[in-house]
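> Positions annotated as transmembrane segment by TrEMBL: A:29-50, A:71-93, A:113-135, A:156-180. The domain 'V-ATPase proteolipid subunit C-like' feature in TrEMBL is assigned to A:32-91, A:122-180.
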Amino acid sequence: MADASSICKSDFCNAGWAEVLTHMSPYGFANFGVAFGLGLSIVGAAWGIWLTGSSLVGAAVKAPRIRSKNLISVIFCEATAIYGVIMAIILTNKIKEPELADSYLSANWDFNGFYYAGYGMFSAGLSVGLTNIASGVSVGIAGSSCAIADAQDASLFVKILIVEIFASALGIFGIIVGIIQSNACTFPVAAL
Amino acid sequence: MPTAPPKGATGDLTTFNVFHGFPEALVRGMRSSFLTDADYHHLTQCETVDDVRLNLSESDYSSALADMAVMTPASLQKAAIEKLVTEFKYLRSQAVEPLSTFLDFVTYEYMIENVMLLLKGALSGRDINELIAQCHPLGMFKESTMRSIPTFENSAKGYADLYQTVLVDTPVGPYFAMFLQESAEHRGDSRNVLEEVEIEIIKSSLIKYWLEDFAQFVEKLGGDTASIMGDLLKVRADTNAINITLNSFGTPLNEPAMRASDRKRLYPAVGHLYPVGSTMLVDVANEEELGRVLELFPQYKAIWNIHASGQGDISIDDAFYERDVQTLELAFESQFHFAVFYAYVKLKEQEIRNLVWISECILQQQKDEISKFVPVFSFHSPWREKKRS
């Protein structure tokens, strides 16, 4: 811990992490929410696609008939990225520029709503991003097994596809909760 | 141990496919090329070897047999092994570390066998070209290396020269060095040790070092590979230990002094039998005592009972083959590990043994013997039948 002499007494000093976070602009939080929601969803989708894709290509060498059918697994992974894009569009539309002439916020500005919107959109983006990573990876693993199983026995394809649908549903849970989370988030545009 | 730790990791469920997804899916695709129960049924109905060929033309073997003038069991075996080797080399060319080292490990076994075949052939004064033709294509060295192996004399000095000039550059060199070193330490006289050691003992020691090295490598890979492949190697090591003991009966190796000094050194330091079982095996002097030791290990008790009862003329080798097929098939039950590559090679070898057996039986008109083979991935395997009933 810092000793007494090094503690800053001025009003303009940084008083710790709580202040670091509150001093970040809610617009910044909201935009980071968009970035995480989209970015992590796409990480999940890409992860799933290479898990599936490498197995699909390998298994198709001996059983070429599986190649078009198993593109469904790749599409399921892709859907994960689309959830991220949908969420990113919803969140981006909620970020509104304030109608202020100068760069200072007036005293009767709705600070509660302002911070609520920033944190809410950040969390909504993160919820969507993290669930989509989990969803993308699990769809990818199921898709990889699906390609290999289908190459051996075509009747297994539909059965494993159902497993994949459930894995894909994980991403939908994320986006539903994300939308609800961000629903009440509205950036104030003018002072009250 | 000679082999360096694996470069890179196998990866787990979520990362295995980065480097090894394609080769793994390839080998699993190749699994569909195994002959089915229906194929075997048709093959056993054949009257002539040409019928066998006709039946195989529907299978994955068709292109391998296409340009063969007259099919004999020997030429069928050669073509089938060649096909397996082509597939294996394709997999090897697609592999990156650490899978490539893993696949190399699989080939070392054949290299050891080839070196021993060449040395043994040279002892009986056979033609070098004929010997090289007999070598397993998976364990081939460079042509010049192959030709120079049988030129060394069968003495301690000859083997030391063989190691220093030829084998030191090959992957099996370190095993040979370990063997030379151990026999030198053991007897205390490095010059005269090897003369009386039979080729089979050298081979058993080299295989033992290979197994231990491989087991350690697999252990370092970790994950599912370590557990599944580790188990396959353990089973393999136990089979070797039991076979070494069984084959030593009636040979000088079974003399009380040799048992503790020489036979003991041939038991691999891996396996379910190690260390308790292999310590007990040291004192075994005859089949009865061997049976008493194996009685303590449930997984080998059943196999031993097949051998001991002597009925149904199923040899212990057949019992081991059946057990091997059962354990190797299990490697295909889970994904994202390396053991499938080893299992694929071994199961294909079993299939080739089956094909040779069937065509030999047809050639020699031994129809009642024809069904004595172990089909691979058969729906009617005893262990599957048991599960269904």
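Note: Cβ is positioned from N, Cα and C throughout, glycine not excepted.
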> Ranking A:29-50, A:113-135, A:156-180 by the number of C-beta pairs under 8 Å to the transmembrane segment (A:71-93), which range is first?
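Answer, by Cβ pair count: A:29-50.
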> Run through the domain 'V-ATPase proteolipid subunit C-like' (A:122-180) and tell me, per DSSP, how many residues are helix, strand and coil.
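Counting residues by DSSP class gives 56 helix, 0 strand, 3 coil.
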> Looking only at the domain 'V-ATPase proteolipid subunit C-like' (A:32-91), what are its DSSP counts of helix, strand and coil residues?
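Its residues fall into 56 helix, 0 strand, 4 coil.
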